[in-house]
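Peer 1: Following this message is one structure expressed as structure tokens.
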Amino acid sequence: MRHCYYNESVGFFYNNSQKELTSYWRTKDVLVVALGLTVSVIVLLTNLLVISAIIINRRFHYPIYYLLGNLAAADLFAGIAYMFLMFHTGPRTAGLSLQTWFIRQSLLDTSLTASVVNLLAIAVERHQTVFTMQLHSSMSNQRVVILIICIWVTALLLGLIPSYGWHCLCDLGNCSRMAPLYSRSYLTFWALSNLVIFLIMVVVYTHIFVYVKRKMTRMSKHTSFHPRYKETMINLIKTVIIILSAFVICWTPGQVLLLLDGLACESCNVLAMEKYVLLLAEINSLINAIVYSYRDNEMRSTFRKILCFICYRNPRYSPASVKSNVPKRRILSQNGHSTMDSSL
């Protein structure tokens with residue numbers, strides 16, 4: 001019968017995994033916390049702005065924007081989770097109870113997983129709309145709600161599993177180095193799950209990229225090719241490149257480190273870069289808001305309205321007048337019907 005160490009301190013497990021616990025603030029600890037808190041505050045503000053814009057502007061009441069709002073909510077939660085981590089890291093880690101430590105890690109796992117799965121959902125939605133030559137998906141609101149619920153259920157399950165049994169409190173030999181209370185097998189599972197999602201996203205966006213390139217080449221040969229359509233296609237390609245680049249840069253290093261730790265790579269110094277790759281992953285929550293929102297003209301206009309709300313107290317700046325002043329860009333689809341331009 002295995003012996004479980006439920007009554008031991010966090011320091012006991014850190015010593016078991018040979019992960020250093022300091023009793024004073026080092027320069028690099030202060031630097032990491034300062035950067036982390038700064039990024040968290042920016043993530044909170046930008047994603048609150050996105051959510052507010054989607055709520056107040058009825059033009060955003062479509063599936064893609066509901067998913068975008070859910071992505072912003074996930075990134076907002078990631079900012080809160082990372083801020084919680086910054087207030088419970090460094091010398092404060094040694095004083096945490098096992099329950100508080102698991103809460104700290106579960107918040108991070110849940111929020112980051114929700115962000116990744118949201119990115120996948122948006123990728124699939126964009127794939128559907130691009131290939132059907134539509135601006136918005138035909139998905140019903142009910143299906144969008146179900147999809148959003150599934151996203152959060154998945155994220156919660158992955159985030160809470162270690163707290164409810166998939167840990168190493170009863171198997172010290174299987175404890176990881178980066179997360180000394182987590183089982184290495186869980187880290188391997190979590191990292192591989194995210195890398196598989198990453199691979200699916202690459203396939204989806206590559207398919208979109210190839211399709212758009214071929215579509216531009218084919219349609220440019222016809223005299224009826226509308227210049228607005230070409231501009232939309234180019235913007236879409238740029239958006240795809242930014243999304244893929246940001247995701248690769250921000251997520252791959254952390255997932256690779258987790259996988260190496262899960263596979264018990266003895267020669268890999270995973271602890272040296274742990275905090276920095278986590279910060280890099282958190283920055284992706286900020287980039288999401290910029291890429292998926294700021295590149296949309298209507299979203300940008302709504303941002304200005306929110307940030308300059310004092311100006312709009314004047315009656316001549318009523319929402320109706322603002323709405324009418326927003327330029328409508330329309331393009332012609334293959335069937336001759338016009339559709340609004342969108343960089344998403």
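Each Cβ is built from the backbone N, Cα and C atoms, and glycine gets one as well.
Okay, so TrEMBL annotates it like this:
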TRANSMEM  30-57  transmembrane segment
DOMAIN    46-292  domain 'G-protein coupled receptors family 1 profile'
TRANSMEM  64-87  transmembrane segment
TRANSMEM  107-124  transmembrane segment
TRANSMEM  144-166  transmembrane segment
TRANSMEM  186-212  transmembrane segment
TRANSMEM  233-256  transmembrane segment
TRANSMEM  276-294  transmembrane segment
Peer 1: Would you kindly check 64-87, 107-124, 144-166, 186-212 and say which stretch has the most C-beta pairs under 8 angstroms to the transmembrane segment (276-294)?
Peer 2: 64-87
Peer 1: Within the same chain, where does the transmembrane segment (144-166) have neighbours whose Cβ lies under 8 angstroms from its own Cβ atoms, ignoring anything closer than 6 residues to its ends? I mean 6 or more beyond.
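Peer 2: Long-range Cβ neighbours of the transmembrane segment (144-166): 63, 66-67, 70, 74, 102-103, 105-111, 113-114, 117-118, 121, 181-183, 185-186, 190, 193.
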Peer 1: Should anything in the same chain at least six residues away from the transmembrane segment (186-212) have a Cβ under 8 Å from its Cβ atoms, list it; otherwise answer none.
Peer 2: 109, 113, 116-117, 119-120, 123-124, 126-127, 130-131, 158, 161-162, 166-167, 176, 178-179, 233, 236-237, 240-241, 243-244, 247-248, 251-252, 255-256, 258-259, 261-263
Peer 1: Same chain only, please: residues at least 6 beyond the ends of the transmembrane segment (64-87) with a C-beta under 8 Å from a C-beta of the stretch. Say none if there are none.
Peer 2: 33, 36-37, 39-41, 43-44, 47-48, 50-51, 54-55, 104, 107-108, 110-112, 114-115, 118-119, 121-122, 125-126, 129, 136-137, 141, 144, 147-148, 151, 155, 278, 282, 285-286, 288-289, 292-293, 344
